[in-house]
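For reference, the structure is listed below as structure tokens.
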Amino acid sequence: MRDIAFVFLFAFLVIFAFKRSYISVSLWLWTGLFVPAYWLYSFAHSISFQTIMVVITVIVYIFDRNKSKSGFNFLFFLVILIYMHFTLTTYYAIGPEEKVWLEWEKFSKIMLLTLFLTLIIRKKVHFTYILMVFVLSLGIMGAIEGLKFIASGGSHHIKGPDNNILSDNNHFALALDMVLPLNVYLLAEYRNSKIRPFLLITLVLSILAVLGTASRGGFIGLVCVALYFFITTKRKTVTIIGFLIVAGLASLILTEKWYTRMDTIDTANEDGSFMIRVKSWKMYTLMAMERPVLGAGFRSVEVGYVWRSLIPDFYKLSFVESPEPTEKAWAAHSIYFQTLGDHGFVGLGLLVSILVTAFLTLMNIMRKVKDIERLQWQYQLAKMFKVSLVAFSVAGAALSLPYAEIFWALIAIIISLDISCRQSLAEIKKEETAKRKQQRIKRRHA
């Protein structure tokens, strides 16, 4: 029954997807984040809804007579550059060929989505659709898990959808951290709307879901988001009251086990889980030292024979305290060390450049539109994207998520926002020039 209902809903959405390219690309992103297969159990489970939306988006874009004005920036150039480098590292990878090329194929699909987002998204309504996609996918999942967490009295184990990069509780927590600021933006936009209660409930339950994952990285990301809002908001009293309400509700649900786990953040060097991460970071660094330009290729260090080949050189980083490596290979547990081991120092440099450039781009947008009334929506969007970016950059330091679709979608939207900002400013300048010209003509005839 659920499968039939979803197929009918999807067919209904397809009708709208054919009408506007920004709707189709939004649904493309939604099918990737919501993971329909996770919710379906019968005939619809095997249907690739995302592939359908990819085909529709390409067709609609090709025949769209009112395409968005094209435009590119330095951040877009860096994205193209990192994709080219990742392709090169895949070609020269030392891991299993089938595994590495499969990961490259997954990343290529994400890059295709990134490209179409940058080509299509320009107007305020476009960005609103995209943000609603985040809330109606990850936000909904967070709300559902938050409700389960409350109903279970704090015993429910929260994680993301199965067979997905966000299935890990830590990864899911970080994704929710990144969506929270986007939810806040929509709350401000729909201040007098009937959907505001839905957005508010989703926000609170998503925060509880982050706590319910018992992810220390997710908790650190949540603290970063909260601190940023407290420091930058002008309504500090309202913010404090909101924090106290959520904290009070959480204190009634969180167990002693949760508090004990969070306490280990202060004593990381004594925590076995953290020290395993340090061991992994050293191994991925060794791989980059051995192959500084190319690294090992997508997730190759996680392969047993590649991991074992690095053990004899472990002493080279003995000045950093950690357990001795065993023959069991581990994930990098860090967006930075994952990229370092997989794609060398060049790959890491490109990733860091993308993060820094994205942040500076958002700062530049805020500076340019701060005093322009009609572009305040761009100012607020840039402000919220900055928070999401900070959450990813900080919490991602302990999580293996450099290839997450949500991150690259965020980068694509930042590129689009910058292009939209520059085009809006050019239009305003053009209007002002025309206005001055008319005034000069009037003075001549006066």
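Positions of Cβ are set from backbone N, Cα and C atoms, glycine also.
Residues or ranges marked as domain 'DUF5935' in TrEMBL: 1-187.
Residues or ranges marked as domain 'O-antigen ligase-related' in TrEMBL: 202-351.
Annotation source TrEMBL lists transmembrane segment at 43-63 (among others).
TrEMBL lists 75-94 (among others) with the feature transmembrane segment.
Per TrEMBL, the feature transmembrane segment maps to 106-122 (among others).
The transmembrane segment annotation in TrEMBL covers 129-151 (among others).
Here the transmembrane segment (200-231) has long-range neighbours at 135, 138-140, 142-147, 149-150, 154, 156, 158-159, 169-170, 172-174, 176-181, 183-184, 187, 239-240, 243, 246, 249-250, 253-254, 257-258, 261-262, 264-265, 386-387, 390-392, 394-399, meaning same-chain residues at least 6 beyond its ends whose C-beta is under 8 angstroms from one of its own. Residues annotated as transmembrane segment in TrEMBL: 200-231 (among others).
Long-range neighbours of the transmembrane segment (237-255) within the same chain, counting only residues 6 or more positions beyond its ends whose Cβ lies under 8 Å from a Cβ of the stretch, are 149-150, 153-155, 204, 207-208, 211-212, 226, 229-230. Marked as transmembrane segment by TrEMBL: 237-255 (among others).
Per TrEMBL, transmembrane segment is recorded for 345-366 (among others).
Here TrEMBL flags 387-415 (among others) as transmembrane segment.
Residues of the domain 'O-antigen ligase-related' (202-351) grouped by DSSP class, helix first, strand second and coil last, total 107 helix, 0 strand, 43 coil.
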